[in-house]
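What Swiss-Prot annotates here:
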type: BINDING; residues: 166-173, 191-195, 213-216, 284-287, 315-317; note: GTP binding site
type: BINDING; residues: 173, 193; note: Mg(2+) binding site
type: DOMAIN; residues: 1-159; note: domain 'Obg'
type: DOMAIN; residues: 160-334; note: domain 'OBG-type G'
type: REGION; residues: 344-370; note: region 'Disordered'
């Protein structure tokens with residue numbers, strides 16, 4: 001299935017039904033009085049997170065989603081039926097934003113989480129509500145309110161604890177396949193990875209974390225070079241970034257330091273907050289460097305790169321150094337997970353408008369119009 005991580009849709013909630021202006025007309029009941037019922041409420045549009053869906057491809061082609069209108073009220077105190085709701089199933093990790101106002105509507109981070117996207121209009125009042133001691137036969141009634149109409153932007157940001165950064169062919173896919181059960185495509189040409197891959201790394205019976213591999217970046221990605229830098233959105237939820245560097249490039253004219261600096265520059269162009277995220281340097285392909293040259297090459301790289309953060313030397317192909325790196329990652333995440341989760345919850349509390357969402361009366365398949 002084609003991986004789609006962005007879509008734009010229009011959601012239209014149902015209009016409320018009009019109230020009825022009716023009088024009771026019945027044999028042997030003179031002056032029966034008003035009996036016009038209220039209109040039904042318009043249907044709502046909900047989004048629900050579903051872990052069985054992993055792409056937004058359904059919403060790339062079905063762009064308009066409508067809930068049903070409420071029925072009009074009728075005589076004999078008959079109230080109109082409420083419009084059926086529409087439920088849109090989306091992948092866990094989907095962020096929903098109002099394109100007109102920029103408001104963050106929802107951040108679907110848990111399976112089954114349900115959020116209202118558009119609220120149906122209230123039904124109008126029938127004339128029985130306007131009866132009084134001075135107006136025994138009112139003919140007033142109110143019309144139903146229109147439902148909300150919104151243009152929404154959907155963005156899928158995968159849920160991972162660790163993100164991999166690096167140039168094409170830096171060994172990211174080889175690394176994730178060596179430490180997890182993920183089976184990404186691996187080849188000796190650039191841009192083998194075309195979509196994010198997730199792998200679960202287990203360091204104990206009940207100790208694990210999720211790692212995300214995204215397509216490689218090159219210098220100028222912010223201007224559209226290579227595959228661009230839009231895949232960096234999938235690293236925004238991570239707790240730590242691993243910057244993989246090919247320490248033994250096949251082309252002798254390639255400078256690993258220049259490539260590493262280019263990656264950092266692209267990261268900063270995309271998002272300052274992502275640039276400030278904890279980042280570890282992972283020097284890969286040490287098995288390709290002669291043992292007597294390794295220490296000098298590593299020292300030269302660190303000096304020219306001007307790096308004073310955590311450094312790990314590994315070979316993703318042979319597994320050298322990978323186990324120690326995974327244990328260090330788990331220990332770091334365990335130590336900082338509470339603070340990371342608290343920060344995310346604080347952001348949601350201030351930026352996301354969650355509305356109470358009762359169980360939907362009706363639903364629609366992903367991408368289906370009501």
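Backbone N, Cα and C define each Cβ position, glycine as well.
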DSSP, reduced to three states, assigns residue 315 (GTP binding site) to strand
Whole-Å Cα distance, residue 215 (GTP binding site) to residue 173 (Mg(2+) binding site), is 9
For residue 172 (GTP binding site), the number of neighbouring Cβ atoms whose distance to its own Cβ is within 10 Å equals 30
Cα of residue 173 (Mg(2+) binding site) to Cα of residue 166 (GTP binding site), in Å and rounded, measures 10
